[in-house]
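Note sheet for the following structure.
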Number of protein chains: 2
Amino acid sequence: MDAHLNQFYAQVDKDQNIYVERLREVVAIPSVSSDASMRNHVFRMGEWVQNELKRLNVEYEIRDPGTHVMDGHTLQLPPIVLGAYGRDPAKKTVLVYGHYDVQPALKEDGWATEPFELVENEKGELVGRGSTDDKGPILGWLNAIEAHQKLGIELPVNLRMCFEGMEENGSEGLDDVIVAEAKGWFKDVDAVCISDNYWLGDSKPCITYGLRGISYYKVTIKGPGRDLHSGVFGGTVHEPMTDLAYIFSKLVTPQGKILIPGIMDDVAPLTAAEEASYPPLDFNLSTLHNAIDAQNTIHDNHIDALKGRWRYPSLSLHGIEGAFSAPGAKTVIPAKVIGKFSIRSVPNMVPEKIDAHVIKYINEEFAKLGSKNQVEVECLHAGKPWVASFEHPNYVAAAKAVERVFKVKPDLTREGGSIPVTLTFQDALNKNVLLLPMGRSSDGAHSINEKLDRSNYIEGTKLLGTYLWELSTHQF
Amino acid sequence: MDAHLNQFYAQVDKDQNIYVERLREVVAIPSVSSDASMRNHVFRMGEWVQNELKRLNVEYEIRDPGTHVMDGHTLQLPPIVLGAYGRDPAKKTVLVYGHYDVQPALKEDGWATEPFELVENEKGELVGRGSTDDKGPILGWLNAIEAHQKLGIELPVNLRMCFEGMEENGSEGLDDVIVAEAKGWFKDVDAVCISDNYWLGDSKPCITYGLRGISYYKVTIKGPGRDLHSGVFGGTVHEPMTDLAYIFSKLVTPQGKILIPGIMDDVAPLTAAEEASYPPLDFNLSTLHNAIDAQNTIHDNHIDALKGRWRYPSLSLHGIEGAFSAPGAKTVIPAKVIGKFSIRSVPNMVPEKIDAHVIKYINEEFAKLGSKNQVEVECLHAGKPWVASFEHPNYVAAAKAVERVFKVKPDLTREGGSIPVTLTFQDALNKNVLLLPMGRSSDGAHSINEKLDRSNYIEGTKLLGTYLWELSTHQF
Ligand SMILES: [Zn+2]
Ligand SMILES: [Zn+2]
Ligand SMILES: [Zn+2]
Ligand SMILES: [Zn+2]
């Protein structure tokens, strides 16, 4: 294995400019999935992926998720491309996922260069929309296959692929395909690897084993039958905004403590292994201060800050629909206001139980107000938290691959947000899912001047290939 | 006087269709002051007023307030028309005010008929934009003059007039003219009468002796340098929305009690005369329930409700700028939120003292939160409350005029909102100001299907004339 890997690394180093040109080619296809006028480019990008699989002798099929309605137009959804490379029953089978669509980008938004023209700057950054999210990682898998083919070395595992073109727009249609293919295209899968997130910092690779869930609520408070003038009616009616301010003030403290009884009951206790994973992390408070462009962090040390980010639930008040929200000084008593807030959940919290606690508590608190207004609490959407065991061979293999390529133990991270497909794969296939990122924290995935460092791209290609070799050595 | 008034009433009754046609003529001029594309019609309406004054041998001059900027356009302001009818030093001089501009109106808004075509319906309502606000009352004064001229009866007082064309758009330029003319056009004025409000109910006339003031605040809370994703940063930063919810919840109870210490200190005690003025009022809780199209009133009797509306201060939370306010479920942590609220003030509250109490209290409450965010409190605009003595001869005369025309004692009312020009006249001229409405509570001044009952228009014309006669009998 060592010999094969060393040959592989040499080949990747040798072909790195080919890989960069390949990335240039795909960045030039503006496959923005959330813009109806760009949908044809998403399809072009889907074609590109299929042609590349054909060139690499990867079997593939497409799944057509049908249509959806966006901005009043009925649009065709881009194909979900399923690949299969190797069908040797003696080998493990790894499913890799990536998305070939990208976020919108306009030069006018503040990009230093044309967003859909890949530019390598003096720092060795490959700047362009989609470079790190998620075209670079998709190419990483394909580059690794190509390098092995050039060397005449057989991959040590079977690969299955799932590449979609709607991730930046809600992954429309994907869940159904995953569920339908669990006993079909994905039936032999032993482990899943998703490369679509980022290192915690900028200097040290990580592998990611947890994501928070979300339960998003609206609290509707209805009072008068129409908006009223505060001069004529202020002092005579129960005002929905007043009631909502009270409810909002009872949900969470300024220090982030959630006040809803029962909500913390199901939070899994911190294990010793987890506790031990924090000190080595490539993170400090100034990283966080830079990220938020301010100093108003709750915690005075980075470990508690990271636990606040991803290990414990949080509650954020997002805003109010129906109240006066424009500049200026309107003297309205809003008749009906809809407060929006969400709870980021962690294992072992369960959406149904979160709902029950939230709804009961708000109704009780509202009753205390003695208001004649009406309240209604509703969960708008919910996603479960996700956590995987980082002691699973899938993670052990990834950690060994990081050590082999980067000569450092990876950070073991979670993330505060959610990547819904992670949970779908886990639940539908009932296999361990690993998040193995290629890019860095500073890549600016959804921002202007998105980039992927050349070193992350090239060493990342090595990492993905090495992970397959390491995984093949495990029994599970 | 009785004989003159009886002749006057007969003339008004005889000419009532002429008056209705005159109202039809002015309603047909869509003098919408808040719509740049309609500004020429406001000027046409100003011309109409001047031609009418000329026809009635009223001396007049115009004052040109210059230009203002609206929707990015620099626009000429319509003229303020000053009239003088009679200069007999032996007579009292009464200043009357009205505005010849109107609110916007479109058939599509839900009008049953074309808004700028006066229609008399089967209930005897004259429906059309501006009928009651404020073209009907202006014509009331002019009709009264015309009737006296036809009868060859001299008015018992000198009249001064102030008719503006920007009331529905902030009365731009008016204050300066009033202040400048205090020792000029208005120098002999003994009393002021404004007919630009409404009866308390639909069956009984009122005279209005008080208006609440307003102090409008914004509370800005600044946290992170940019909006954050609640998944990535929820649980790590002090969120401005959380802090604002706490501040909002400390301002007023759901029962309308203002929680800011000191704010009630300057509220004038209720006098016995005031207390006695409430029971006869044409008002009950179902009037209020109809007006708000709901039952969520704070008080269980109409007298406390009216005191809540106009006799005591109130605090309303209007909304939040900078938070998520659209439909849907955005997971943002807003970086900077601006809470808007206002206090309706009553005599003897003083804006500067209100500001001091509000700013001190919010800063103290914010300090208790232990948040690293920054707070700033600012008064956006303030207007003083106004109250006049209803024992002043100006009010006594108006009350007698009501009794003579309507055979009933008028309601003595205040209003919860403000009519800023009232205070400007009082402060600039230092004379008693009377609000003497022509229309009813249900006229829908700023709504669809605005109307003025024919009876209110005709009896209102009699009322305005009679008021002048009654006033002439007083020494003050
Ligand atoms: Zn992505
Ligand atoms: Zn993305
Ligand atoms: Zn008006
Ligand atoms: Zn008006």
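Keep in mind that glycine also has a Cβ here, set from the backbone N, Cα and C atoms.
Lifted from TrEMBL, the feature list:
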BINDING   A:His99, A:Asp133, A:Asp196  Mn(2+) 2 binding site
ACT_SITE  A:Asp101  active site
BINDING   A:Asp133, A:Glu168, A:His446  Mn(2+) 1 binding site
ACT_SITE  A:Glu167  active site, proton acceptor
BINDING   A:Asp196, A:His229, A:Thr331, A:Arg344, A:Ser418, A:His446  substrate binding site
DOMAIN    A:209-367  domain 'Peptidase M20 dimerisation'
SITE      A:His229  site 'Important for catalytic activity'
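Shown on the structure are the features that TrEMBL records.
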residue  : record                       : Cβ neighbours (10 Å)
A:His99  : Mn(2+) 2 binding site        : 29
A:Asp101 : active site                  : 28
A:Asp133 : Mn(2+) 2 binding site        : 26
A:Glu167 : active site, proton acceptor : 24
A:Glu168 : Mn(2+) 1 binding site        : 22
A:Asp196 : Mn(2+) 2 binding site        : 22
A:His229 : substrate binding site       : 15
A:Thr331 : substrate binding site       : 20
A:Arg344 : substrate binding site       : 29
A:Ser418 : substrate binding site       : 20
Sequence order is fine: just name those recorded positions in A:Asp101, A:Asp196, A:Thr331, A:Ser418 with a Cα within 10 angstroms of A:Glu168 (Mn(2+) 1 binding site).
A:Asp101
Other CB atoms within 10 A, centred on A:His446 (Mn(2+) 1 binding site):
14
Take the binding-site residues A:His99, A:Glu168, A:Arg344 and keep those with a Cβ under 8 Å from any chain B Cβ; what remains?
A:Arg344
Apart from A:His99, A:Asp133, A:Asp196, which residues in this chain have a Cβ no more than 8 Å from the mean position of the Cβ atoms of those residues at the Mn(2+) 2 site?
A:Gly98, A:Asp134, A:Pro137, A:Glu167, A:Glu168, A:Ala445
Looking at the recorded positions A:Asp101, A:Asp196, A:His229, A:Thr331, A:Arg344, which has the shortest Cα distance to A:Glu167 (active site, proton acceptor)?
A:Asp101
For A:Asp196 (Mn(2+) 2 binding site), identify the closest of the recorded positions A:Asp101, A:His229, A:Thr331, judging by Cα separation.
A:Asp101
Given the binding-site residues A:His229, A:Thr331, A:Arg344, A:Ser418, A:His446, tell me which ones have a C-alpha lying within 10 Å of the C-alpha of A:Asp101 (active site).
none
Which binding-site residues from the set A:Asp133, A:Asp196, A:Thr331, A:Ser418 come near ligand 1, judged by a Cβ under 6 Å from any of its atoms?
A:Asp133, A:Asp196
Does DSSP give the residue listed as 'active site, proton acceptor' helix, strand or coil?
helix
When DSSP states are folded down to helix, strand and coil, where does A:His99 (Mn(2+) 2 binding site) land?
strand
What does DSSP assign A:Asp133 (Mn(2+) 2 binding site), in three states?
helix
Specify the nearest of the binding-site residues A:His229, A:Thr331, A:Arg344, A:Ser418, A:His446 to A:Asp133 (Mn(2+) 2 binding site), where nearness means the distance between Cα atoms.
A:His446
Using CB under 6 Å from any atom of ligand 2, narrow the recorded positions A:His99, A:Asp101, A:Asp133, A:Glu168, A:Asp196, A:Ser418 to the ones that qualify.
A:Asp133, A:Glu168
Between A:His99 (Mn(2+) 2 binding site) and A:His446 (Mn(2+) 1 binding site), how far is it from one CA atom to the other, in Å?
14
Listed substrate-binding residues A:Asp196, A:His229, A:Thr331, A:Arg344, A:Ser418, A:His446 - what's their greatest C-alpha to C-alpha distance in Å?
51
